[in-house]
Amino acid sequence: MAASALDSAWEGLTGSFTEFQLATVVTFLLHESVFFLSGLPSLLFERFGLFAKYKIQKKSNTPSYQNRCVLRLILYHVCVNLPVMVFSYPAFKFMGLRSSLPLPHWTVIVSQVLFYFVLEDFIFYWGHRALHTKWLYKHVHSIHHEYATPFGLTSEYAHPAEILFLGFATIVGPALTGPHLFTLWLWMVLRVLETVEAHSGYHFPWSPSNFLPLYGGSDFHDYHHRVLYTKSGNYASTFVYMDWLFGTDKDYRNAKAIEEKDGKHL
């Protein structure tokens, strides 16, 4: 019954728009909706001092500094993200992107999305680590680190070159598998929710890192933002095992050990 309803809804959607429109403009609007709706709460929490006991850092961004982030994000998304979606459509089509019925079986969707997460995390780790070398940090990545106290929307606040550089990690998995557009949308939504949560600046009792093994989350990534760029570590996007394998989480682990020993938040 649920599958039939989903098929009917998808048939209506594909009957109302061309595949090009769905893969570009509709995808962009879906991204914007999920990104801003999931990212605005942490901005408002910080602005109005809500849930202060769950805030990782005691510092807060000023309203003007928050507004600056939002305005630049809109500019970057319209001038960078949307054109990339438009011009990459032929490449995705060549790689096998489709939007027609039937929708993929749920096992195919789940396996592909898991593959995307693992592959993206691996590529992102090395790309992010490269961005912390002196030249690339100074000229590119330092823009993202202008917000040493992150909130959800700062997750996509970055130099246009970084958007393209690290964005490759997000699209390479789908490009390799040639997914159904439904799977691509699900991957995009989950990836946006993950990076917004990691940059939220809040660690709640219900935060995913409290329940999902190997998941980094907000506490893991917040440390990356609040220390000197040469010592930050915690380069992976989603999971913690890459930083553990290559020893780039040692300072974070030491800080957490001291915190637990002293019974207070550093």
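Each residue, glycine too, has its Cβ placed from N, Cα and C.
TrEMBL lists 113-248 with the feature domain 'Fatty acid hydroxylase'.
If you look at the transmembrane segment (20-48), the same-chain residues 6 or more away from its ends with a CB under 8 A from one of its CBs are 13-14, 55, 60-61, 63, 66, 70, 77, 81-82, 85-86, 89, 92, 97, 99, 151-153, 155-156, 181, 184-185, 188-189, 192-193, 196-197, 199-202. The annotation transmembrane segment is assigned in TrEMBL to 20-48 (among others).
Marked as transmembrane segment by TrEMBL: 69-92 (among others).
The transmembrane segment annotation in TrEMBL covers 104-126 (among others).
What TrEMBL records for 163-188 (among others) is transmembrane segment.
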Where else in the chain does the transmembrane segment (69-92) make close Cβ contacts, counting only residues six or more beyond its ends and a cut-off under 8 Å?
20, 23-25, 27-28, 31-32, 43, 61, 147, 153-154, 156-158, 160, 163-164, 167, 171, 174-175, 178
For the domain 'Fatty acid hydroxylase' (113-248), how many residues does DSSP put in helix, in strand and in coil?
90 helix, 4 strand, 42 coil
